[in-house]
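Trainee: One structure follows; several queries about it will come next.
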Amino acid sequence: NQVLEMFDHAYSNYMEHAYPADELMPLTCRGRVRGQEPSRGDVDDALGKFSLTLIDTLDTLVVLNKTKEFEEAVKKVIKDVNLDNDIVVSVFETNIRVLGGLLGGHSVAIMLKEKGEYMQWYNGELLHMAKELGYKLLPAFNTTSGLPYPRVNLKFGVRHPEARTGTETDTCTACAGTLILEFAALSRFTGTSIFEEYARKALDFIWEKRQRSSNLVGVTINIHTGDWVRKDSGVGAGIDSYYEYLLKAYVLLGDDSFLERFNTHYDAIMRYISQPPLLLDVHIHKPMLNARTWMDSLLAFFPGLQVLKGDIRPAIETHEMLYQVIKKHNFLPEAFTTDFRVHWAQHPLRPEFAESTYFLYKATGDPYYLDVGKTLIENLNKYARVPCGFAAMKDVRTGSHEDRMDSFFLAEMFKYLYLLFADKEDMIFDIEDYIFTTEAHLLPLWLSTTNQSISKKNTTTEYMELDDSNFDWTCPNTQILFPNDPMFAQSIREPLKNVVDKSCPRGISRVEESLGSGPKPPLRARDFMASNPEHLEILKKMGVSLIHLKDGRVQLVQHAVQAASSLDAEDGLRFMQEMIELSSQQQKEQQLPPRAVQIVSHPFFGRVVLTAGPAQFGMDLSKHKAGTRGFVATIKPYNGCSEITNPEAVKEKIALMQRGQCMFAEKARNIQKAGAIGGIVIDDNEGSSSDTAPLFQMAGDGKNTDDITIPMLFLFNKEGNIILDAIREYEAVEVLLSDKAKDRATIFKGKMIPNYIIDSNLEMENMDQKFSENDSHNQNSEEAPSGSQDVGAAPEEPQGAGEGSDVTDPGSLSPADTDSASVPTSNQDSHVPGSDEASAPEPACPSGDEQPQEQTQTEPSPKAPWDRNIQPMESILADWNEDIEAFEMMEKDEL
């Protein structure tokens, strides 16, 4: 009943505030019409001005026993929806949401008509619309490979001059491999075989192009040549529904070749990608090597697919891990790391986890999964419900909302939640007579014996020989899955109960982690430390021995027979391969030194210096000694992954943005286009700091980045928050981006200096004049090493703030420190100084027993436009000492 009430809240608000628009914007209570709202990039390719949400929701209405509302909705679709719009849409999204929605609606409409009470007037109108749409998608298949273009114009197709598409060369594996259910159903319903033929050809081509040694497929493929463009492989975004449709095509169509292909891929997935309870992407050519250290939320569908395949144990394990992440963050973040930290913080109310929960409950009958469903319902109502529907989460950590309610929320979420709790008497038809598409649309199983005009014989290639005992050729029967053991599922879940809470985020030692219970992830090459005794113990367990060489290096050798178990030996092999890859990668990469972000505005005036990571693109600050100086401004959207919506606030300023969701180079291009003169990317990992983390370099996107001309720097979360806190406190915050921190004389050359730093501006002018005349003093100017953490380069001043703190006074280096990093002035001044840079660095301040060689001028210079009070050098030094003492107090408070 609660699910029904929630559905009514979402559906009625869409119909009241959004229809006939494609989607509801629940925060502003209006419809999302493409072209009338700011572009969201590829996400908008699902919108085609065809009342997307209503079509996507049709069969949900019948599942939820809302037959009157269904009848009204079908009439609205027939009367109002136009499929002939001049608009470019995603072939994949239009197929699963619109074509699937029309076919699902038709499936339940003819079922209701057969029952005799509702839909007696229905005459296949939805099927006619589905056929019309099918023909509009066919031009996308006009390629030599048979793989479809990723986008098509509903009115003009692909190659037409007015189509505005057809230039793409790549598509994702799921985009080309998630067509067979809808296209085959359309062919079987209408007797027109061309749709099924095209979908089969695309599947055949992907199968032919699989990596033969690993039997894995990549994420994106060239639609003309069949070359893999992205060669990482997983079960999440970009590939997910390709695997799903191979198994479901066998269930729906009865073609053995689909099951054989699925079994071959599944064997590879469980061999390489599955690292229980994790599912990690690997390289298709080096499947023992992980391609990334995070998982995306779309893989949450996979436990449900494993249930359909009959492999229950790993399904329970992965599902439990995902549930622990949800309990920690209330929702499943779009991506999270192997130690369960948030990687991408959004959650667009995706239904994949609810789908797997439903399938696991069907397979096990374990009431635990009813409690899981209850948690999902409570979290949706507590955190996502708004007056006009349910809003996507912009950030699961803060609970902020995004003004979107995707059509799949109504199509899938409520369908699976209702079915999870419904008894047989709550249903007006038998759900077992249908198979779910990837968008949860219902296709009747009787299609397998209807209009079989396609030959089932597989002509693509011979299959890899597999042990038939691993694969049952029938759908699993829950009666034999758990013989006399109702506690089976619980016994698998129990060791994973605390896997998230006990996980060790980076920065906590493995020794601390070992105090917790539960399985630990295998040791990764990037984490290995030869000085860590626990790591050495793990190596021994994996059959890896460590040999110390005379030159100080260590050599690793693995003997699999010496491993504690076969699983440990496999971990050892993976570790060795990772280490080889890591070693060669480190040799290739050019390590850039750290950069500095110096806050130069009130009340910091150059005394706060933050260690920043460099970028391998954009302005090289080491070649522009003056650096880039400007006020900072936070961009919108904060991630910088799309066109900047507040360019007026960013123009001629240094843009602040958050890490994540796209390549660094893309962020740089977007802010540069908006007129920014530089950019600072702030880490989205809470609490990260340059104190504990190694220097981070921002890599390019693998393409030519010569078009990026502005400087880009990276700040860890802790350092970034110092700037954000300063903005909240002082609003206008000015920073200097440079290769090394500048001394204050350099920063304020030619600028008005606040009285409480130096009361006599005249004095500063005199000092500048004096120092420029006396080169011998320049030789005393010394800078901190560029690699020093959070320490700015500056003249030596009286000892002050201690080292190693978050923000260190430029004068806090000991003489030994500065001497060791001494740089001759002649080298530093070989360039022409910029407007913000002094012609010579400020010399070391004299100590108390040294007297200045020249006295202060008593006559003000006519060139100076402002008032000046004359002050002796001793007074200046005393003021500087007060500044240092005040800074020490700030430092103790951690600013």
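The backbone N, Cα and C atoms fix where each Cβ goes, glycine too.
So TrEMBL lists the following for this protein:
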type	residues	note
ACT_SITE	Glu93	active site, proton donor
ACT_SITE	Asp240	active site
ACT_SITE	Glu334	active site, proton donor
ACT_SITE	Glu352	active site
BINDING	Thr438	Ca(2+) binding site
DOMAIN	635-722	domain 'PA'
REGION	771-875	region 'Disordered'
COMPBIAS	777-789	compositional bias 'Polar residues'
COMPBIAS	815-830	compositional bias 'Polar residues'
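Neighbours and distances for these, please.
Mentor: Around Glu93 (active site, proton donor), the same-chain residues at least 6 positions away in sequence with a Cβ under 8 Å from its Cβ are Asp45, Ala46.
Asp240 (active site) is surrounded by 25 other CB atoms, counting those within 10 A of its CB over all protein chains shown.
The Cβ of Glu334 (active site, proton donor) has 22 other Cβ atoms within 10 Å, all protein chains considered.
When other Cβ atoms within 10 Å of the Cβ of Glu352 (active site) are tallied across all protein chains shown, the result is 24.
The C-beta environment of Thr438 (Ca(2+) binding site), restricted to residues of the same chain at least 6 apart in sequence and closer than 8 Å, consists of Ile96, Thr178, Leu181, Asp240, Ser241, Glu244, Tyr245, Phe301.
Confidence over the domain 'PA' (635-722), given as mean pLDDT on the 0 to 100 scale, stands at 89.
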Trainee: How far is it from Glu352 (active site) to Glu334 (active site, proton donor), counting Cα to Cα, in Å?
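Mentor: It is 12 Å, counting Cα to Cα.
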Trainee: Treating G and I as helix alongside H, and B as strand alongside E, what does DSSP give for the domain 'PA' (635-722) in helix, strand and coil?
Mentor: 20 helix, 15 strand, 53 coil
